[in-house]
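Chemist: Below are the features I grabbed from Swiss-Prot:
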type    : residues                                               : note
BINDING : GLY117, THR118, ASN119, GLY120, LYS121, SER122, THR123 : ATP binding site
Amino acid sequence: MITSRAFAGRRYAVLGLARSGLATVEALVASGAGVTAWDDREEARDAAMALGADIGNPLDIDLIGFAGVVVSPGVPLNRHPIAAHARDAHVPVIGDIELFAEARSELPPHKVVGITGTNGKSTVTALIAHMLESAGVPVLMGGNIGLPILTREPLPEAGVYVLELSSFQIDLAHSLACDVAVLTNISPDHLDRYDGFEGYVASKARLFSLQHRDQVAIIATDDDPSKMIASRVNHRLHRVSAKDIDPVDQARWPALQGPHNAQNAVCAIAACRVLGLDDEAIERGLATFRSLPHRMELVGEARGARWYNDSKATNAASAAPALAAFPPAPDQRLHWIAGGQAKGDGLAACRPWFGHVKRAYLIGEAMAPFAAEIGDAIAIERSGDLASAVAQAAAAVQPGDIVLLSPACASFDQFKDYEARGEAFRAAVEALGA
């Protein structure tokens, strides 16, 4: 695990004891820190106590003298009382990424790449890690993807830590200076956590303000908020765009099809070039990359159609590129499963691609508003739930068709998370048989 002498003798409070919280407790205790931990679940408190933590709710104790309150990214700092309680005690509220940043000076010489953005950051993170690993570079992928960073063994000299960073994780980092910082795109998301869209944009921009002058920013300037952030960067900057990718080249990368993946690829290519990879190594990595689950993932063929799981598309801006990837053809019709717990401005971002859709199958809380929004442009089925949508699509498809689950919504009205929704889709498709 990653530990640091800098934590020894200090006292930390840890609020939230899911996977990353318990990993934080373990790393801090192993570093010689004192830890007071809390979670509403008794079994989580027992696990923290077994690791050597004291048990106590940070809201009920005097925090003066603590080095930090470590919270999970899921704690809404704009509403949770811990923010004011820590501020009154002049104690920073941080996350495990900040602890990693503070431990960096004791790690073997390395680089850190941080990737953020509304959409595409998981794919870009995995793609950068894959290209580096394919070139023989020691790599560790973490942050908002994979295992908690503090649980991992430090990389050897010349290794690269590739971190997916949500806006919440950036909010909780104060000294993270990424050698390479990447922004994929920005569109409205998580507005319940910020003071409007401007607050969300400012959170993303902080990743670049934390960098030093000799570090590199890579920003895809295909949207206005990203252009604005790029205009304010005063250190080394590479502006990139999905338009920089030649469709002939992209055709050689089977897991990176569609305009959104052109943007993902151009961001990853720029980062790997900064890190010293040559064009041959980059091309090899692009050609051998495999899609992440729930992101334009081909889950199988059934009833003569190809079925794609894009459950990670939890807003309209992330669903739009998936629709764009399947233009109509005489032997290819697109059946779109959409709906769930709606965010933001409905399906406005998808409207330019409505002409690609033969029929939409609407589910969840968004079924009625989506039907009202798109019923004048697309034939619809009010499916209600995912199982019904799959059954109705299976009855309607013809050989060569595409069925795309790209919900443009969160999943929490009917599923635990987008992964559970994607797995339910996969199971329903597999049950259809070939």
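Cβ coordinates are placed from backbone N, Cα and C, and glycine is handled just like the others.
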Chemist: Name the secondary structure element type, per DSSP in three states, that contains ASN119 (ATP binding site).
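Modeler: The three-state answer is coil.
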Chemist: Enter the number of other CB atoms within 10 angstroms of the CB of THR118 (ATP binding site).
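Modeler: The answer is 25.
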Chemist: Which site among ASN119, SER122, THR123 has the most other CB atoms no more than 10 Å from its CB, taking these as binding-site residues?
Modeler: THR123
